[in-house]
Amino acid sequence: MFDKPRPKTCTHALATWLTILCGVLWVGCALVPLDPAHAAASASAVPGSETEAAEQEAAPSDPYGRETPRGVVSGLVNALAAGNYGEAAAYFEASVQPQGSAGDDSSSDVDEAARGEIARQLQQALDAGGSLESYAVLSSDPAGTLDDGLPPDAERVGKLRGSEGAEPTPILLTRGTGKDGARIWRISRETSDAVAAQLAESGTATGAARDNGPEIAGASIQDWLTLFGLGLAIYLAFQLATSALLFLIGRMLDKGRDHPAFRFAKAAMPPLSLFVAIVVFQVWADSLPVSIVARQLVLRYISLVALAALTWFLLRLVDALGALVITRMEQRGQRQVVSVVTLLRRAAKLLLLFAALVAFLDTFGIDVTTGIAALGIGGIALALGAQKTVENLVGSVSLVADKPFQVGDFCKVGDVIGTIEDIGIRSTRVRTLTRTLVTIPNGDLSQRQIENYALRDRFLFNPVIGVEYGIGSAKLLEAVERIEGVLSDHERIAKPGFRARFVSFGASSLDIEIFSYIEAADYDESLVIQQDLLLLIFARLEEAGIGIAFPTRTLHLVREKADREQGERLMVAQQDTGQG
């Protein structure tokens, strides 16, 4: 009688949000300056609070961007890429400290030249297989990383390859005060000494810088081709492995390519294989004897591709898990959970995209702390202004927890009677018997009295059979017994608990009341059984010659006294006339 519509789901949100993310990435690449030092300086120019603003006024920013470990490594790599070892010297701690100065930059020209030579030697050591931490890992906090097991004024930013059997030598930064009073980070003297000692041991301390031919962006074309070839080889290898794995999965599963597991693997493998390939490339390329400039630049921006691949995979994983849960809930008949699962799936996607956007902006050195704090304050204001929306959301959660009905149930909600057509996040829609659609907010719905007719396990069969008055008491008793016999013999009447009793002298019939329950799956089936019972009762009474009473009325006509006297006079007059 009442059709159960299929629950509605939303799958186009993924495409919409991926389009938005791609647009944001494109705009970011076009507008964000690629110079890390400039980006760090721009980010530090935005204070997070009045206290930070006061501190920035008291301590001027460093022109080399050495306020953070990330700024030091970025500035050093840029200087090495440009071949400007004089500028690179500014990122090294002075070898000799003049009296009355605590680690400032007022060293002599000889010391600056020595530090420039150390910068060249460090580049040689890094090109020979040393490594620097990736841009995303480096701390952008002026205080550095405080839980790395090092003193507060020390930071580990890389390592140098040791001799055979020896442990790698860490590249350390130390924090001090510059000549302008700013607190800055620089490569420690211990690291400079270790670089000089390592190159002296290998016999290349005074050698010329490696020359591999023409350069692009501070690195030789040969180094760029080496990294590109390695990345392409790893990517193709993983693509072949993915195709082979999908082929094996399709052969192992019963339904082959139609199996849900295969469909999920086919959707998840491309982003997952791309992400794993990038991770393998990063690990492998980090130890290649190629220019540190090329490695740092490639590893920095390929991390964006890894971020996109990971986000892509997680979005597909959320979709797959959501679809699996929805299928299970529909199989169990818990279709009201579909709306909540859909809400959670959308929320998870939004959180993933937001986290990916934050990581993307962080790769370009943009401080998002202030923006996140502003979003928190805006969220509180939004929550205060959207109390009804929150109330409806809580109401939908309570409906799912209590499970008073599900999609397709025929219910009475307050004064509204109809079929539940959809259970949404904000409201529930009911299709009434007149085919109108009533939308009830979930906050209001959770407070109403709900009567669910679809959850009835039995249906009441309680008619009153009226037989004719003239049948006599014996026939009346026989009628009761025959009706009870029909109830007793019918397999769909719940037993025990049924009865048929003579209950009253009606206006035009002798009333026999039936009280019993019909066992049926739904209302439509109960109507069919009820019709069968009534026809059987009618046939049994008809066999015994017992008629079903219908409304009758007996009229007694009584003349008034005046009418009788007038009639008598007329009769006397007629008799006199006849005699005459």
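Glycine too: its Cβ is placed from the backbone N, Cα and C atoms.
Noted in TrEMBL for the protein shown:
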| type | residues | note |
| --- | --- | --- |
| DOMAIN | 389-453 | domain 'Mechanosensitive ion channel MscS' |
| DOMAIN | 464-548 | domain 'Mechanosensitive ion channel MscS C-terminal' |
| REGION | 45-70 | region 'Disordered' |
| REGION | 140-173 | region 'Disordered' |
| TRANSMEM | 224-249 | transmembrane segment |
| TRANSMEM | 261-281 | transmembrane segment |
| TRANSMEM | 301-326 | transmembrane segment |
| TRANSMEM | 347-366 | transmembrane segment |
Non-local residues, at least 6 beyond the ends, that sit with Cβ under 8 Å of the region 'Disordered' (140-173):
40, 43, 67-73, 122, 125-126, 128-133, 183, 185-188, 190-191, 194-195, 198, 201, 287, 362, 365, 367
PLDDT averaged over every residue in the domain 'Mechanosensitive ion channel MscS' (389-453):
84
Please list, for the domain 'Mechanosensitive ion channel MscS C-terminal' (464-548), how many residues fall into helix, strand and coil according to DSSP.
42 helix, 22 strand, 21 coil
